[in-house]
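Participant: There's a structure below that I have some questions on.
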Amino acid sequence: MSAAAPPSLPPQASYAEMVGLVADPVLERRPGRLWWIAFGVTLLLTLGFAACLAWLFIQGVGIWGVNTPVVWGFAIANFVWWLGIGHAGTLISALLLLTRQGWRASINRFAEAMTLFAATIAGLFPIMHLGRPYRFYWLLPYPNTMELWPQWRSALVWDFAAISTYIIFSILFWYWGLIPDLATMRDRAHSRLARRLYGIFALGWRGSARHWHRHDVLYRAMAALAVPLVVSVHSVVGMDFAASLMPGWQETIFPPYFVVGAMFSGFAMVLTLAVLLRWGLGLQEIITARHFDAMGKIVLAGSVAMGLSYLTEWFNAWYGGAWIERGHLRFLFTGDYAPLYFAMLVCNVLVPQLLWSGRLRRNLVVAFTVSIVVNIGMWLERILIIWNTLSHTHLPAMRHLFHPTFWDWATLGCSIGVFGCLFLCFARLLPAVAMHDLNKQLHGEKEARA
Amino acid sequence: MSGAALSRRQAALGLLAAAMSGSLVACSEPEEEILPYVNQPEGLIPGVPQRYATALPLNGYGRGVVCTAFEGRPVKIEGNALHPASLGATDAFAEAELMQLYDPDRLRSPRRDGRPASWEVFLAELLPRLDPARGGEGLRLLTGPLTSPTLLRLIGALRERFPRMGWHTHAPIDEENARRGAELAFGRPLDLLPVLDRAEVVLCLDADPLGPGPDQIRHGRGFAAQRQARAGAARFGRLYALEPAISLTGANADHHLLARPEEFRDLAAWLAAELGAPLPRPELPEDRRRILRAVAADLAAHAGAALVLAGEALAPELHALAHWLNARLAAPVEAVAPVQGAAAPLRELVAAMRAGQVETLLILGANPAYDAPADLGFAEALRQVPFAACHGLHLDETAAACRWALPAPHALEEWGDLRARDGSAAIVQPLIRPLYGTRSAPALLGLLLGQLDLSAHEAVRATWRGDRTPEEFEAWWRRAVHDGLVPESAAPRLALPVPRLPELPPAPRQEGMVLLLRPDASTWDGSFANNAWLQECPQPLTRQVWGHAARLAPEEAARHGLTAGQVVRLEIDGRSLEVTTLLDPGVAPGVVALTLGHGRSRAGALGTGLGADAYRLRRSDALWVLPGLRLAPTGRHEPPILAQQEQQLEGEARDLLPLVTLDAALRDHEPSPQHRIDQPSLYPDFRYDAQAWAMVIDTTLCIGCNACVIACQAENNIPVIGPEEVARGRDMHWLRIDTYVQEAGGTLRPGFQPVPCMHCEQAPCEPVCPVAASVHDHEGLNVQVYNRCIGTRFCQSNCPYKVRRFNFYGYADGQEYGNRGAPVVAAQHNPEVTVRARGVMEKCTYCVQRISAARRQAEKEDRPIGPEEVVTACQAACPTRAIRFGDLSRPESDPARLRREPHHYALLGELGTRPRTTYLQRVRNPNPALEGGGA
């Protein structure tokens, strides 16, 4: 399949040029004014995030809009959203590697970094969500004098295990792929300090055939492990909701639906970042229209799958006939959150249909806009899953809406700042594209032409 | 307002000292004889609570209670089964008296012109003014309504000493119309006591026997006696209510008709004519005639067990007409001589004050500067009194306007006595040494009598000593104090003379809007305005907290351009006030209903400034119904804070609280799938070797009075969170009374559903907790382990009943609302129940501490737990005994028995949760003549 695919890299490019394209912005060029401004803003937001955390721990979760029926709020929605975003990187790396989609080489590195940062931020939210966050480790099966284990039937325990596994795995996978490039950086760096640091993390990589052999074997083995892991993480997150008896949550479709949603939002975020990186680091030669075309198709597929999931949800709620399920369905379309629900449908289902057109897929402005819209839509979906179910509970006496507070919005906004700050650092310190994979791909394309 | 604040340690030591000094053994011996003890008294075990009988006043009448105290700290009030006004149950006010006792805003020392002063200075100023030679010229005494034999005796003595002294009483929620109606009918003052448990058909003409007040418990029990929907039961009562705005009685009636206040004259006259009174039959619209015809036939058919009640807002002539009707129907009504002492009314005092005839004024337990009708101008007249002293719990509006504000002890701090409505007397005994530098009312009257060292204890004993020998008296006293009821003290029932048929006044012609004033279910007349429990307790029917609202029908609001939650200006005769609106279809057209007791300017840190002061519109000639009302929208929006926002049940949601006719309820039928308790499950059943606790709540009997809500709050240390937090939807009550409205018999009818934890067999909260904080115990309780909870809140999000409550802030643990963190408030905490910290989930435990206490006792005595041994706090409080709790494994236990009733059901049974708390459907008994056989 990859043999028949059109080339993604410029045919006349040389290997050294490619390495230079990626490494030079880090090693040769000084950060521009725009980078500093962006870094300053995101750093401020990061400090803001620290302030949000501090105020939360001083005052308690009461600073948020959560209330007696809607006990879950932004923290859980943010968690699911960030974790969804944190899916695409590993998926791109692993799934596309296993299916020999060579074009992944241009995007897999920064997508993996995105995964790492997003999953880490996501991991913070459930802890912040807790009433007594300093006891979060009670979810771990650690030996203790109380001789008490976690309660294994709870989806939250599965969740805790799945996320921590996923984050650890993502770090390892990302780092393993980075080692050869770190060695390249070590070799090209001018300053002693840079050489030292890159050298330490390159773990003495010499590029010998043995090194490459072992690297590739392990990398492919990890990729094979990664795919089920990616699927399992968001399935388990879906079970946080599905393993309940609340209308709108208790649906067997939730695990696959969450995985698709995660892929969808993750790819949208990769699209966003690809546009920004390409422009910021001058990677026009490396991230080409062909990449946007491919990612656009995946986003489109995700959008169609989401639409089908929604339809299935509606149909089942109606077909099941339970008054509470039907009441939930009615609330989706006529309740207090209906405008947001329609906005979500527009963002997630309607707008991505633009990507049927190949011309629009390759148009960066369109790709960027659609990706932002999808991410807004996916956040809306996360929060609406919580709001629509919990604010419209079985007993009419206990129905109460959720009104977000300043701290709800601040925590969400600042978490995006943290992500931006981490990503800006990444772009300045590490090769944003997997150089060795890129050249492997270039080699393949050259051979195919020859 | 605050005196020297005590640290927690100081408060604890102080309380310990109070306990040591002997108030603990007040049950058996007067405190003076046993102070201080060196050896621990027999029977006193530290940590084991002691229970004492006493009585609490409401509008002057006593309700007997049994109060639980831990080491000298009263922590819980329950009913006294021996007392005729309690019958073992309580009302919300009685339960909340603890918060009156521990209110940090209480007046702590005498104040002269607002500055702290001493009792000695007060004495030095007062005594020279009491020259017996002047015969009490210029001396006036103003009290609240009084039934206390001791106080009445002392006032009698006072009048002997000062023959020209004037004694006045003032009660904002009075029975003037009822009293005058009885005089009209019988030619002499009488108190009439309807006996609801013998009344099979009751017609309430704007009367609210089930509403808040000193009779709520007795009437509630009587009502319940007639409403036992049980398979095989022979009779079931019927209640008709005609009223201008829906009350609790109207909410529980089988037929309810909204009528404007001025209609009642014609309605009553038509009914009387139908029942044979020689009265001209007034013109009435057909719908009125139809219902009255049916009511009259029903009443006549049940002669001997039919009853007509007239409300206080009706004219005395209509009360007299009701007496005539009752005589005609041989209604179950008893009559006693008036229990309250007769004194001159307030308006004579104000006239004397205006005329400068009052030199010394002593106000005991009244707050007329706030709650007197505005046209009297009491506060203004008070300025002309050179020496006024006000004796009360708070530095209220009147105390602040007097030269002297004197701190009064709470009823749980001092000796006293009170009579119930039927004259039964109870000794009020203190459970705690007075917290502040207070002096009792008897001691104060003692001052006037020249007995400077008269103690309340002595005064009460002197009242009751009579001609008993000392030995006899001691035995008698111990028995009376122990039982909480003076034996054979009930007033003799009088034979009722034949009532005269009164001459009815012409029907008032009122075209415009009418303002209807009503007592408040949370603040009563305003005296409970600073009571955090009552303020936060959702008011019956409206479910509003922390304030009140002008209630009017939606069409009426639309006619005046008002929307829900908009502030409206109510204007009558140039006086006006602004209050938020609540749309309520249960209010007659052209009527605005507003409760008294809010808008206080000096209630305390919590109650001041909540709502609007309806007394400002009140006139002494129009206390309850004020014509000539004008509404002006202000455009401001201040929505009332509602603990429940949706009340209407439609479609299949009606299965949540089925409202069925008697026939349909008792017909033997298979429960619908929505109501089944035994849905199949994939999980194996739990096995129980011990008790299987369960609760069945009869929604037919629930009158929505809120006693259980406050009882639960007191028993389980449930924090108060304040209006902002309730508005955010974080109400902490473990037990709530869901109020639903649904169509039945062609109109919308309300129903009440108390919802504690369901203690499900297949509890959705249990499997989702990651740290096993929500677990099933060996007796079937679904228990919450606070220490283990880390606050994921998964349990609550998965609870279909949403009965769990989360400490979003440290509501009881460092982030208390208002001054609820004051050390003295902590003294109320029940030591048997954990005070929950921030970040943990909590919920109803079926009062597991009581179960545990009973189990320990039974194990010590090597016997099984007795059938009625465990009584939950809500069950104990319930005046109608709608809540039954017990061991399901005994087939004869209450819940086991009630579960076999045909109209038993499980709330949301279709979910397969198999709740241990289940319900009986709400049964109504419509008149077939009005509802075509019922449906």
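Yeah, the Cβs are placed from backbone N, Cα and C, and that goes for glycine too.
In case it helps, TrEMBL gives these features for our protein:
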TRANSMEM  A:34-58  transmembrane segment
TRANSMEM  A:70-98  transmembrane segment
TRANSMEM  A:110-131  transmembrane segment
TRANSMEM  A:155-178  transmembrane segment
TRANSMEM  A:217-237  transmembrane segment
TRANSMEM  A:257-277  transmembrane segment
TRANSMEM  A:298-319  transmembrane segment
TRANSMEM  A:339-357  transmembrane segment
TRANSMEM  A:364-387  transmembrane segment
TRANSMEM  A:407-430  transmembrane segment
Participant: Among the recorded stretches A:110-131, A:155-178, A:217-237, A:257-277, A:407-430, which has the greatest number of Cβ pairs closer than 8 Å to the transmembrane segment (A:364-387)?
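Facilitator: Out of the listed stretches, A:257-277 contacts the transmembrane segment (A:364-387) most.
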Participant: Against which stretches of its own chain does the transmembrane segment (A:407-430) lie, if we need a Cβ under 8 Å and a gap of at least six residues from its ends?
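Facilitator: Counting only partners 6 or more residues beyond its ends, the transmembrane segment (A:407-430) has Cβ contacts under 8 Å with 25-26, 31, 35, 38-39, 41-46, 48-49, 51-52, 55-56, 63-65, 73-75, 78, 82, 109-110, 113-114, 117-118, 121, 124-125, 128, 178, 181-182, 185, 273, 277, 280-281.
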Participant: Is it true that the transmembrane segment (A:155-178) and the transmembrane segment (A:257-277) have 3 or more CB pairs under 8 Å, sequence gap of 6 or more?
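Facilitator: Between the transmembrane segment (A:155-178) and the transmembrane segment (A:257-277), contact is absent.
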Participant: With an 8 Å cut-off on Cβ pairs and a sequence gap of 6 or more, do the transmembrane segment (A:70-98) and the transmembrane segment (A:34-58) reach 3 or more such pairs?
Facilitator: no
Participant: What residues in the same chain, six or more past the boundaries of the transmembrane segment (A:110-131), come closer than 8 Å to it by Cβ-Cβ distance?
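Facilitator: For the transmembrane segment (A:110-131), the nonlocal Cβ contacts are 53, 56, 60-61, 72, 75-76, 78-83, 85-90, 92-93, 156, 159-160, 163-164, 166-167, 170-171, 173-174, 177, 266, 269-270, 273-274, 277, 411, 415, 418-419, 422-423, 426-427, 430, 432-433.
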Participant: Please report, as numbers and ranges, the same-chain residues at least 6 past the borders of the transmembrane segment (A:217-237) whose CB is under 8 Å from any CB of it.
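Facilitator: Beyond its ends, the transmembrane segment (A:217-237) has Cβ neighbours at 80, 83-84, 87, 90-91, 93-95, 97-98, 155, 158-159, 162-163, 165-166, 169, 172-173, 176-177, 255-256, 258-259, 261-262.
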